[in-house]
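> Mind looking over this structure? Questions follow.
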Amino acid sequence: MIFAKKTEAAGFKAGVKDYRLTYYTPDYKVKDTDILAAFRVTPQPGVPPEEAAAAVAAESSTGTWTTVWTDGLTSLDRYKGRCYFIETFEGQKDNQFICYIAYPLDLFEEGSVTNLFTSIVGNVFGFKALRAIRLEDLRIPVAYVKTFEGPPHGIQVERDKLNKYGRALLGCTIKPKLGLSAKNYGRAVYEGLRGGLDFTKDDENVNSQPFMRWRDRFLFVAEAIYKSQSETGEVKGHYLNATAGTSEEVLKRAECAKELGVPIVMHDFLTGGFTTNTSLSKYCRESGLLLHIHRAMHAVVDRQKNHGIHFRVLAKTLRLSGGDHLHSGTVVGKLEGDKDVTLGFVDLMRDDYVELDRSRGIYFTQDWASMGGVIPVASGGIHVWHMPALVDIFGDDACLQFGGGTLGHPWGNAPGAVANRVALEACIKIRNQGQNVLREGGNALREATKWSPELAAACEVWKEIKFEFDTIDTI
């Protein structure tokens, strides 16, 4: 009874009230320091858009399902998330809409993608009042961007380290992805690098299995790198996958790579986790190692149009966490990827300043300030006939990665690498002459086959191979 009197005197009124009374504020003026989020929301039948949107703002910031007396011990008006705009669509049977929410910067720990995601995409995705919810985009304010170190090195520093300019980089994932011994694996790496590739790569699930322990792989791959460099006079690299069961083991493997003198390591950032990724990125920056990032598991999170997190958000947060390369899809290969959507998040990975452009799925203008860019990696079901389209789509600041498109060459790995290098150089040549590479690229490849038997064989093998399916995730 005593406590009840004190509570009443303090003006606390227990009970449940609509979220929209507190968290829906259409008159709110967005601040430059706010983190902005665009959610695609599908509410349960009978739930008004304002209430559903306000529930998202509440549950991802200061709110809970009922009024609590400790609300009076802080300033909710300062710390709460606010839904400031709702965008509806005519003719939507499920009442789906886009809600825009502003979060005060004080809600988030500096330099922590882990904390950012825990708040914004935490409990709210299991909220019963919503049938589905998808985070379409985030606006990261410069004030928050500057609390992150970002990519270990960035695009320009990588080019300077490699001494390679004026064209995309060429890579290859070693296949079969599992089952090779370390020595045979090293041989496959050597053949690809000496044939003209800039990089070869561990597949995402190559860690340290009984058939090939990580240290053995690192040693044989380092030997392959040094041998191919001495023969070609070019800087070569292999993405040594440092992903492991613990963060300590990840850093241990990266340290071994540094001691061997190789230029780059790799991490599976979603399965490995953002905390480990940020720690590895810091180590790579201090050690001079480049960091290649694989997005294994991303489609579990981003492929469904109505629920999950769009890849453009994952790409933004990876840039904050740190990585010099990130797989981005190919548009033309075997993996999901709409062209306009892909170009949108490729710009978000590489550019310093990206304007709002809904035609490419970009909901907010993003200013990265001085943070370095991330090289997009096009990988998955691509071969020499795709080269003109890849050069047209991605330009120079990209890594084009041909796994089966190198190792599947009828004459072996090295000729497969030669074919890809010749195809790339042929497309770059006509582009630099002012020709339309998308329209004239096929003719350039046919012309190059007259003096490159390796390219001729590759063109013959893959002339009928296409991956033509409708894209699920469109604007």
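Positions of Cβ are set from backbone N, Cα and C atoms, glycine also.
From Swiss-Prot, for reference:
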ACT_SITE  Lys175  active site, proton acceptor
ACT_SITE  His294  active site, proton acceptor
BINDING   Asn123, Thr173, Lys177, Arg295, His327, Ser379  substrate binding site
BINDING   Lys201, Asp203, Glu204  Mg(2+) binding site
MOD_RES   Lys201  N6-carboxylysine
SITE      Lys334  site 'Transition state stabilizer'
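I would like each feature placed in context: is it buried or exposed, what are its neighbours, and how far apart are things?
According to its DSSP assignment, Lys175 (active site, proton acceptor) is coil. Non-local contacts of Lys175 (active site, proton acceptor) by the CB criterion (under 8 A, 6+ apart in sequence, same chain) comprise Asp203, Gly403, Gly404, Leu407.
In sequence order, Glu204, Asn241, Met266, His267, Asp268, Phe269, His327 are the residues near His294 (active site, proton acceptor), counting only same-chain partners six or more apart with C-beta under 8 A.
A sphere of 10 angstroms centred on the C-beta of Ser379 (substrate binding site) encloses 24 other C-beta atoms.
Look at Glu204 (Mg(2+) binding site): DSSP puts it in coil.
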> Which residue, of the binding-site residues Lys177, Lys201, Arg295, has its CB surrounded by the fewest other CB atoms within 10 A?
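Taking Lys177, Lys201, Arg295 as the binding-site residues, the minimal 10 Å Cβ count falls on Lys177.
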> Would you identify the secondary structure of Arg295 (substrate binding site) according to DSSP, in three states?
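In the DSSP reduction, Arg295 (substrate binding site) maps to coil.
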> Can you name the binding-site residues among Asn123, Thr173, Ser379 whose CA is within 10 A of the CA of Lys201 (Mg(2+) binding site)?
Thr173
> Below 8 Å Cβ to Cβ and six or more residues apart, same chain only. Which residues does that give for Thr173 (substrate binding site)?
Thr200, Lys201, Asp202, Asp203, Ser379, Gln401, Gly403
> If you run the three-state DSSP split on Asn123 (substrate binding site), which class comes out?
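Going by the DSSP assignment, Asn123 (substrate binding site) falls within a helical segment, counted as helix.
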